[in-house]
Amino acid sequence: MSMLQAVTSWMPTWVKNALGYLGLLPRNAKICFLGLDNAGKTTLLAMMKEDRVTAAMPTLYPHHEELYVGNIKFSAYDLGGHETARRIWKDYYANVDGVIFIVDAADRTRFAEAREELTRLLDEPCLAQVPFAVLGNKIDIAVAASEDELRSAIGLQ
């Protein structure tokens, strides 16, 4: 089994378990996939919906998908991560049940920027009671940060 096959085989289960841990199971839920551009938000959402990895173009406009994890229906919003797109995040996360914040673990040059955005989100009053899952993506790349390094870099320690 290749590294990519191994990652894609456990990723949907991991996300389902994380959503359960966050208290989003069993029910319908609205979640937002947030993170910087090129973090892998669209790819993760496509993998969860279609159970396969696809090459994704940069997300220029908000994208909505209905997806099921087991018997649970999710309204998932994939929002672009480029600087201009981040300005409209607040229009989508006001009434969410959960946020999945994705960080490119292989791009150390953007850890500080990811930390700033995550901190900004965590400081939002309307998100004060909303559970967050932070996912280090692209861990299959040889230069990816370890979990400890990533936690420290984005302020989760």
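Positions of Cβ are set from backbone N, Cα and C atoms, glycine also.
Keep in mind that what you see is a predicted model, and the values were worked out from it rather than measured.
If you look up TrEMBL, you'll see Gly35, Leu36, Asp37, Asn38, Ala39, Gly40, Lys41, Thr42, Thr43, Gly81, Asn137, Lys138, Ile139, Asp140 marked as GTP binding site. For Asp37, Thr42, Thr59, the entry in TrEMBL reads Mg(2+) binding site.
Overlay of TrEMBL annotations on the structure.
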residue: Gly35; record: GTP binding site; Cβ neighbours (10 Å): 27
residue: Asp37; record: GTP binding site; Cβ neighbours (10 Å): 16
residue: Ala39; record: GTP binding site; Cβ neighbours (10 Å): 24
residue: Lys41; record: GTP binding site; Cβ neighbours (10 Å): 28
residue: Thr42; record: Mg(2+) binding site; Cβ neighbours (10 Å): 23
residue: Thr43; record: GTP binding site; Cβ neighbours (10 Å): 18
residue: Asn137; record: GTP binding site; Cβ neighbours (10 Å): 22
residue: Ile139; record: GTP binding site; Cβ neighbours (10 Å): 16
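In the three-state DSSP scheme, Asp37 (GTP binding site) falls into the coil class. Cα to Cα, Gly35 (GTP binding site) and Thr42 (Mg(2+) binding site) are separated by 10 Å. Asn137 (GTP binding site) falls within a strand segment according to DSSP. In this structure, the CA atom of Ile139 (GTP binding site) is 16 Å away from the CA atom of Thr42 (Mg(2+) binding site). The secondary structure of Thr42 (Mg(2+) binding site), as reduced to three states from DSSP, is helical.
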